[in-house]
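For reference, the structure is listed below as C-alpha cells.
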C-alpha cells in the first residue's frame, strides 16, 4: 500500500510552485496525496515567513496539523528560521528551508518508508495545484536586492536563474497538456539571467539566451496567454512592450513600486521616485495604450511623513494605475528597517491605507466604466451560482489578486474556455456582461522528443 502524505501550502505563487515540485517528486516515488489529516501517514506544511501575519498563519497551520495528525514536517520560508518553529512546536519531526526538496523527500521517507517500485514512471507526471487552464512558471529563485524591509535574500538566497531551455521545456509540457495561461514569476522577473551571465541553452534545436526579452519571445510562440509578475522597471523592460501591442504578450505588468517619495524609497533601498515612475509608465503606455499596470505600495514606513504620503497620493492620482494593492508597514524579524527611526503609529498607518485605497477605488471604477460596451476576451475560472453564469478574468486580470468578470452564457461553457464577453455593468473591481462568442484555442507547441507531457491536478 502506498504511503499517504497530507500537504498544506501557504504563501505566494512562488511557494506554490515549490509545493508542486515537492508533490511531483513524492508522486514519482510512489506516494499518494491524502485529502485529510486523518488519512495521512505524515503531513508536510510549506510555510510563509515574510511578514508577521504570515508567520502567525504558518505557526497556526503547523499546530493544526500536529493536533489532527501528530506527524509533521515543515518546509518553506519560515523553515529558514527553525528556532521560531521549534520554540512554538517542538514536536515537529523536521524543519527544512525553502527549495530544499531533497531534504523534504528524505524526511518523508524516514517517517513513511516506501519500497522503491520498479514500475514507477521514470519521467513522473507534474502535479499542479492550480486549475488545469493556468500555471505559474518560476524562472528564478532568490533575490539580489537589499530592500531594508525585506528578508527574502536571507530566506531564499541570492538570485539563481534557470536555463532558458529548462523553462521552455516546462512551458511546452504545460501548454501541450491544456494550460492556456502562463504566469511568469520570480522575486525579480526582470533580472532573469543576470546571475548566469545570460548564457544560452538548447531548446528545440536552437540556442536561447537566458534573458527576459529572449525568453518571453520564445514563450509567446507557444500560443498561451503570457502574463508577467514582479517586474522591476529596468530599461530593457521597454523592449517587451511592443510584444503587448502585437498581442504576443498580455498587456499586463505587475510592477511593485512600493512608494513614490524619493526619500522613503531611499530608506527602503528601492530605486526611483514619482517623477521617474511616471516617465516610465508614460513611455510604456505610449507603445501599448491598452497596458494594465498593477502595483503594490507600503504606507507607514518608518519616517514616512504626511508630506511623503501626500506625494504618494498625488502619484496615484496622476499615474492612474489599473490595479493597486496597499499594505501597512509591519516589522519583519531580521529586516534592517526595524532599526530605522520615526515609527508611524498604527492608527496613522491604517488611516493612510484607507485614504489611498479610497482614491484607487474611484480610479478603478472609472477605468472599469470605460469598459462598458466593450467586448473582452475572458478565461473562465469557475461556474457562478445561477445556471449559465460563469466567473472568469479578462486579459487585464491575474488570478487571486485582480478583478473578476461575471458572464451570462448559453450554459455550454466549461472551466478553462476562453470566451468573448460584452460588458454591460461595471463595479469598482469587477465587471459583468454577456457572452457573444468563443475564442478558439490554438496552441503552437513544437514536437520535442523526450519531453514528458502528463500533468496531474490535485
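Yeah, the Cβs are placed from backbone N, Cα and C, and that goes for glycine too.
Any TrEMBL annotation is an automated prediction that lacks curation.
As the structure is a computational prediction, the values presented were derived from the model and not from experiment.
What TrEMBL annotates here:
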- 12, 48, 77: [4Fe-4S] cluster 1 binding site (BINDING)
- 143, 147, 150: [4Fe-4S] cluster 2 binding site (BINDING)
- 3-113: domain 'MTTase N-terminal' (DOMAIN)
- 129-366: domain 'Radical SAM core' (DOMAIN)
- 369-437: domain 'TRAM' (DOMAIN)
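Shown on the structure are the features that TrEMBL records.
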| residue | record | DSSP class |
| --- | --- | --- |
| 12 | [4Fe-4S] cluster 1 binding site | coil |
| 48 | [4Fe-4S] cluster 1 binding site | coil |
| 77 | [4Fe-4S] cluster 1 binding site | helix |
| 143 | [4Fe-4S] cluster 2 binding site | coil |
| 150 | [4Fe-4S] cluster 2 binding site | coil |
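Counting every protein chain shown, 22 other Cβ atoms lie within 10 Å of the Cβ of residue 48 ([4Fe-4S] cluster 1 binding site). Looking only at the binding-site residues 143, 147, 150, the one with its C-alpha closest to residue 48 ([4Fe-4S] cluster 1 binding site) is 150.
Distance noted between the C-alpha atoms of residue 12 ([4Fe-4S] cluster 1 binding site) and residue 150 ([4Fe-4S] cluster 2 binding site) is 15 Å.
Across the range of the domain 'MTTase N-terminal' (3-113), the DSSP-based residue counts are 55 helix, 21 strand, 35 coil. In this view, the densest Cβ surroundings among the binding-site residues 12, 77, 143, 147, 150 belong to 77, judged by other Cβ atoms lying within 10 Å. Spacing of residue 150 ([4Fe-4S] cluster 2 binding site) relative to residue 77 ([4Fe-4S] cluster 1 binding site) is 12 Å (Cα to Cα, whole number).
One way to see the shell of the [4Fe-4S] cluster 2 site is to take the Cβ centroid of 143, 147, 150; the remaining same-chain residues with a Cβ within 8 Å of it are 145, 146, 149, 151, 152, 153, 187. For the domain 'TRAM' (369-437), DSSP puts the residue distribution at 1 helix, 35 strand, 33 coil. Highlighted in sequence order, 10, 11, 14, 15, 47, 49, 50, 54, 76, 78, 98 have their Cβ within 8 Å of the centre of the Cβ atoms of 12, 48, 77, the residues recorded for [4Fe-4S] cluster 1, and are not part of that set. Residue 77 ([4Fe-4S] cluster 1 binding site) is 17 Å away from residue 147 ([4Fe-4S] cluster 2 binding site) when you measure Cα to Cα.
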